[in-house]
Amino acid sequence: MDPARPAKRSGAAVSEKPGPAVGQRAGQPAGDAVLGNRDDKMVDGEAVSPGADPVLERALAKISRRVIPLFMATVFMNYLDRSNLSYAALVLNRDNGFDAKTFATGVSLFYATFAAFQVPANLVMVRVGFRPWLAFLLMAWGIVAVCFMFISSVWSFYLLRLLLGVFEAGSYPAMWYALTVFFPRRRVTMPHAYLAMGIMLSNMVGSLLATGLLAMDGLGGLRGWQWLFMLEGIPSILLGGLMFVLLPGSIAAARFLTPEEREALAAEVARDHLDGALDYDRRTLLRLLRETLTNGYVWVVCFSGILMSISTNTYSIFTPIIFSNLLNGTAFSSAATVAAAAGNKTLLPVALTVVPYTLAIVFGYLLSYSMQRHDEHMIHMSSALVIAGVLMALFAPLAHAAVWLGFVGLSLSLASTLSTAGPGMVVVARLCKGREVVVAQPVVQTFNLMGGVIGPPIAAAMMKSKGGFTWLSVIFGLLLVICSCILLALRAWVMRDGGMPDGGIGRKRKQEAALPAGQAAVEDAPRVHGRAAAAAKDGNTLC
């Protein structure tokens, strides 16, 4: 494969050397590259050009079948072991005498260490390798998750939440990094989406599983919430061993690929990392951290992420509590509580949480597929967030009209918001030069998670002072609408800097497709400057 750097996109001039047009593979019709391959067919859930290299496609399909299920299982257990507190909350709080403030503090402590250890964990990961690191983290947080069954005081609750955050923190950055090792940038949107769907699947299955485990109350002398923590922590320990055995540490170590497939995939991924983006030392990592912190795009995404996280993380952890109060008629009054009444097994509110997370899986897949198909992210995400924000702000009026309307509105709001989780990190990657991604994604995640630290105490305070979830839903809904506006403003900024203005399907590109081969990306080419020019140098489309 020609090691030359790929031609610039976003209208920049193509290389003077003869060869395929921008985004076009050898033998591919000239118009396909600029039109985003409108005749794509589906292979393993992803759009594939008819002219694509069959050896490369086989390699990507095999890698997907090996890596994606392992990572989805990791995400599933990661989220299950942190969010099972929300399902156990009503009876755990009652049995241990925890009030709203204590519960909210425990939630926030997890997010505090989860956020604080994102970047440090990733610095360790690039030194020891993502394969042993992920295996260690799975086993460590699995042990901590099991220990939750021994909670007997406020301080034991707080300590375990802190430790859980420490060990879970490094898992997402390690998986994001691994995706850059195994997948070329143009094919990474759907893998990220599958990770996000693992979260939704965890909540969907987790609510049903929690319903059954909580029903075991009294069996063997244990409370239902003790069974819940024990039986949901053990699988993480087992998955850690499986991860170490099955996950390849690199493309070269993927022995389930043929030598030809390994060579084709390694060459394709190398096109995204011609400057050695997968080779890091301490000095390089510190320099990349400085570059990330001077990237204006990243700071805008961080600010938007904090606002979105305040709303999303809080409502996700409070979902069974909100549903319980909604069913009891106390959701919008001073009688709203985080603890179940004596003798109440709370099974129905826990079971109902399956609805928003089932919808989130469907929405997440459709949204991510459309993003990858049209090579556009920000308008898609902005649309989902504004819908979610409006529905959340209207939660109280809808519930006053009919309980089922409030339930449907809140479920759709949560599903719309959660559907943007995976694509959000793809946006971060595309707003950075290739080498920054390994640092930029955990930095953004760190700021995003601050919302999980801030939101729960706000929710607890407003429940007490304002009487239920009325004003809380209005304020959190407005935060999502503001996030939507910020993303649109960011897109305008990227366009001004010469980034791709319409994801490859606008009027100008359609006109270019009609030109003779080789002219589409040359004639009337817009000026590319600033960070967009640097990113285009790395094959980044900045959509």
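Placement of Cβ uses the backbone N, Cα and C atoms for every residue, glycine included.
According to TrEMBL, the features are:
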type	residues	note
DOMAIN	67-495	domain 'Major facilitator superfamily (MFS) profile'
REGION	1-36	region 'Disordered'
TRANSMEM	63-80	transmembrane segment
TRANSMEM	100-121	transmembrane segment
TRANSMEM	133-152	transmembrane segment
TRANSMEM	158-182	transmembrane segment
TRANSMEM	194-215	transmembrane segment
TRANSMEM	227-247	transmembrane segment
TRANSMEM	297-327	transmembrane segment
TRANSMEM	347-367	transmembrane segment
TRANSMEM	379-398	transmembrane segment
TRANSMEM	404-431	transmembrane segment
TRANSMEM	443-463	transmembrane segment
TRANSMEM	469-490	transmembrane segment
Seminar exercise, completed: Contact set of the transmembrane segment (469-490) with the rest of its chain, CB cutoff 8 A exclusive, min separation 6+ beyond the ends, reads 297, 300-301, 303-304, 307-308, 310-312, 314-315, 322, 325, 331-332, 336, 378-379, 381-383, 385-386, 388-396, 410, 413, 417, 455, 458-459, 462-463
Exercise. Between the transmembrane segment (347-367) and the transmembrane segment (443-463), are there at least three Cβ pairs closer than 8 Å, leaving out pairs fewer than 6 positions apart?
Worked result: no
Seminar exercise, completed: Top stretch by Cβ pairs under 8 Å to the transmembrane segment (133-152) (candidates 63-80, 194-215, 227-247, 379-398, 443-463) is 227-247
Seminar exercise, completed: Quick tally over 63-80, 158-182, 194-215, 297-327, 404-431 of CB pairs under 8 Å to the transmembrane segment (443-463) gives the top stretch as 297-327
Seminar exercise, completed: One stretch in 158-182, 194-215, 297-327, 379-398, 404-431 has more Cβ pairs under 8 Å to the transmembrane segment (63-80) than the rest, namely 194-215
For this session: Averaged across the domain 'Major facilitator superfamily (MFS) profile' (67-495), what pLDDT does the model get? Just tell me the whole number, please.
Result: 86
